[in-house]
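A.B. asks: One structure, pasted below without further comment.
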């Protein structure tokens, strides 16, 4: 049986890689250019996305809320003034950690419990929490597109269907690169 959680995480990694390929073509100063949006800059959005991926990795791995906050505080210092190349490397490291974690899971449908001091306990299959991580990334990649459009730029298409086509090598067979 295919591990859907791993497949979703593969998509998440693919989409993030597409974005980094795109962002590296832009002038470096554009990454920190302030605009009115959900986050003040493209880099602030990337930092938020990375920290959220980390928080959820720690949470589903069984860390307590307090341990997660402690680790997050350490990462906040590490992410101060990070460059695009540096944050890309960190994204790839976190993706590798997810892959290792998910490869060690026998049943992605196993119900796990998470605990938050304000929201209480939540129980759901592990793959539901992975879907949340991937959905969160998709949402903020959309924010990146909107932010670039405000700067007269363009985003990159990372719809799941494009991942499926690329994964199955169907673009190479047809010569097309978009639907």
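Glycine is no exception: its Cβ is also placed from the backbone N, Cα and C atoms.
No curator has checked TrEMBL annotations; they are predicted automatically.
The following feature annotations were taken from TrEMBL:
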type: BINDING; residues: 48, 136, 140; note: divalent metal cation binding site
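Describe each of these features in terms of where it is and what it packs against.
C.D. replies: DSSP assigns residue 136 (divalent metal cation binding site) to a helix in the three-state reduction. For residue 136 (divalent metal cation binding site), the same-chain residues 6+ apart in sequence whose C-beta sits under 8 angstroms from its C-beta are 49, 52.
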A.B. asks: List every residue in the same chain as residue 140 (divalent metal cation binding site), at least 6 positions away in sequence, whose Cβ is under 8 Å from its Cβ.
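C.D. replies: Expected: 38, 45, 48, 49.
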